[in-house]
Amino acid sequence: MAAESQSQKKSYCIVGDVYRGVMIVPKELDLSPTKDLMHHQINLQLKFPDVGRAFTNFTRTREVGEFLSGALAGAMTKAVLAPLETIRTRMVVGVGSKNIGTSFIQVIEQQGWKGLWAGNTINMLRIIPTQAIELATFECVKRAMNSAQEKWINTGNPKLQIGNASMSFSLSWLSPVAVAGAAAGVAGTLACHPLEVLKDRLTVNPEVYPSLCIAVHKIYKEGGIGGLYAGLGPTIIGMLPYSTCYYFMYETMKKSYCQAQKKKSLSRAEMLLIGAFSGLTASTISYPLEVARKRLMVGALHGKCPPHMVAALSEVIRDEGLLGLYRGWGASCLKVMPSSGITWMFYEAWKDILLADRRHVLQ
């Protein structure tokens, strides 16, 4: 009985409160720190997101890599070829000499060596987003078209049933490369046309538009927002055949050459040559529309602006004959051929760098 009574005994402890009072509680309910709890450590760590890793993963996605590759390729190309762009623009709109060499001399005499890079700042600001948007759009639309064609071949073309009549839609007759090329040209034009207008004004008439800020202010004051989109319709009309032919020729020649040589990819020199030839072909086909487009965009500077593209073409033929439609074509080829060749070479090179770890997936 004594043992049983001892086992039933409870132990108590004394706990002080904040008012220095004393309270007796069972030892099992003692909340005061024990030796074991004193040695127990509670670690609270705040984990911040790894911004660097997230950015790296973002830039290594296919679409972003193609966008950045286009931007870098366009910037590097324009930095090298700015003088030829200046001469080409002057000859197309009829400013100065009709001879390439003489035109170079005139620019240097009137404005110094810096005159060859007149408008190059706005040109760089224009080409970086334009080239990035164009090439990224081209790649994206091309993949989407190829995927849609394969899907429709496997599942059957969609059909439209109207009463007893049935109509089947097919994409097999469309070239994914041609559609992607046209989409690339339209997307780039819509996004960056105001920069093209500013570049032409700074190049053709630097006395009236000595700086970018003054050019923006004057154009907006004279025509509002619409002034920055002057010639948009003719630009898109002229861009469609050029852009479609340009991308179609490059992709077709690249694929045919690789098949003939039994190669999986082109060397840098081969990219340069094929890109240059695709630019030459596209420029030759669409050059009359380019002449008319430039006339419409800068016609106001000379006090005469044709009402539309057909009128501009008629005016050129009437004043200069059919050869007038190709005025400045030589300078344009000297600019377009190296520009397109170098652009494709840099573009493919930057894709190899930025998408190196995804190469096996892309193939």
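A Cβ is built for glycine as well, from the same backbone N, Cα and C atoms used for every other residue.
Automatic prediction, not curation, is the source of TrEMBL annotations.
Annotation source TrEMBL lists repeat 'Solcar' at 61-144 (among others).
With DSSP states grouped into helix (H, G, I), strand (E, B) and coil, the repeat 'Solcar' (172-256) comes out at 71 helix, 0 strand, 14 coil. What TrEMBL records for 172-256 (among others) is repeat 'Solcar'.
Residues annotated as transmembrane segment in TrEMBL: 228-250 (among others).
Feature annotation from TrEMBL assigns repeat 'Solcar' to 266-353 (among others).
TrEMBL lists 271-289 (among others) with the feature transmembrane segment. Residues 234, 237-238, 241-243, 245-247, 249-250, 253-254, 257, 309, 313, 325-326, 329, 332-333, 336-345, 348 of the same chain, all 6+ positions outside the transmembrane segment (271-289), place their C-beta atoms under 8 angstroms from a C-beta of that stretch.
Cβ atoms under 8 Å from those of the transmembrane segment (228-250) belong to residues 134, 138, 175, 177-178, 180-182, 184-186, 188-190, 193-194, 196-198, 216, 219-220, 274-275, 277-279, 281-283, 285-286, 289-290, 292-293, 296-297, 300, 308-309, 312, 340, 344 of the same chain, restricted to positions at least 6 beyond its ends. Here the repeat 'Solcar' (172-256) returns a mean pLDDT of 85 for the predicted model.
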